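Working notes, beginning with the structure itself.
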Amino acid sequence: MLLSISGSLWKHTKPNWIKGNWNCFRSINAFMMREGVESLEQKGAESEIRDQYAEDSSDSDGGVVNEFKAVFKKYKKRRPPPDFSGVIDVRTSSILESRLIFPEPSDITTEKEELANRLGLISLSEWRVYSFPTRPGLYLIPGLLKKEQAKIWLKRAFGYANPPNITNLTIHGKDVKTDPSLLTKALRWTTLGVEYDWNTKQYPPNGRPVPEELYQLGNLISNSLKLGDMRPDATILNYYPPKSALSPHVDKSERSNAPLISMSLGQSAVYLSGALTLSEPPIPLWLRNGDFLVMHGEQRLVYHAIPCIGPKIEKQHFETNGVEGDSMIVDYLNCSRINFTIRQVNP
């Protein structure tokens, strides 16, 4: 396929390709080459994104083979790199069922269309959901966020990391407002609204309201899939630098049955969707920039994980378009990934 690319196309794309890969290399190099105290801090933060769910990932079936972790290790390994041919791609898979979310023009109101546009989503008439016959309640809506909106949502994600919101840096007495360099070198998670406690694995009774755009986003997705009204009161953001992973875990601390709604930004990831126990192997799925994954009903309580992300898996490319201040945002999107999980804690 590469041989078919014309010399003219290569001539015009080569500078951007080199620039994009150099920026990504520069970010990765900066990520890997920290020294002294900064290096130790980063290693500690890096372990948090991998191990914050370690307690939940233990096999509660005592003595039963942990099929999930076997698949997790398969995709997490780097040398030799794993074979990704078995990862389900909604664009080509024949095992998934799909349908338009709004099949009739009469299903689309002006109010909903305007809300979707304000949130940076594609037109409602283009919303297509993919479901899994063996996993009722698991939905994937690919490319729902307009690609040019990724930079806007990443800026919001970095803004959400400011106090009084809690991040993995809070316990160290640090925050991104006083040290913006921590955004790319040490930030691993942020909790909004009803703040999840990583130590107790519990939520307090209540908290601050989530940002209005996240409330609207969660409610719009839930209602559009006919999963009922959702009143989001919490969101967890995970920031994935190169080579990071998220261990197998279950999201079981919420006190409501509302769906979990996640949005992916930046680089592609392999997502593993398992069962109620670790004794069953998970199915691997691609999650790309702008994809929304929804877990509802029994699917809210299944084990899931992210074994790997990054350009070496499947490159997603973003450009600055000459906008001042976009360089750091675009460099981050070209090397890393962010995931928003919108939640309703209280009934």
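Just so it is clear, glycine is given a Cβ too, placed from its N, Cα and C backbone atoms.
Automatic, uncurated: that is what TrEMBL annotation is.
Lifted from TrEMBL, the feature list:
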- HIS249, ASP251, HIS304: Fe cation binding site (BINDING)
- 231-346: domain 'Fe2OG dioxygenase' (DOMAIN)
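Here the binding-site residues are HIS249, HIS304, and the one ringed by the most other CB atoms within 10 angstroms is HIS304.
Neighbour density for ASP251 (Fe cation binding site): within 10 A of its CB lie 18 other CB atoms from the protein chains shown. With helix defined as DSSP H, G or I and strand as E or B, the domain 'Fe2OG dioxygenase' (231-346) counts 15 helix, 45 strand, 56 coil.
In the predicted model, residues of the domain 'Fe2OG dioxygenase' (231-346) average a pLDDT of 93.
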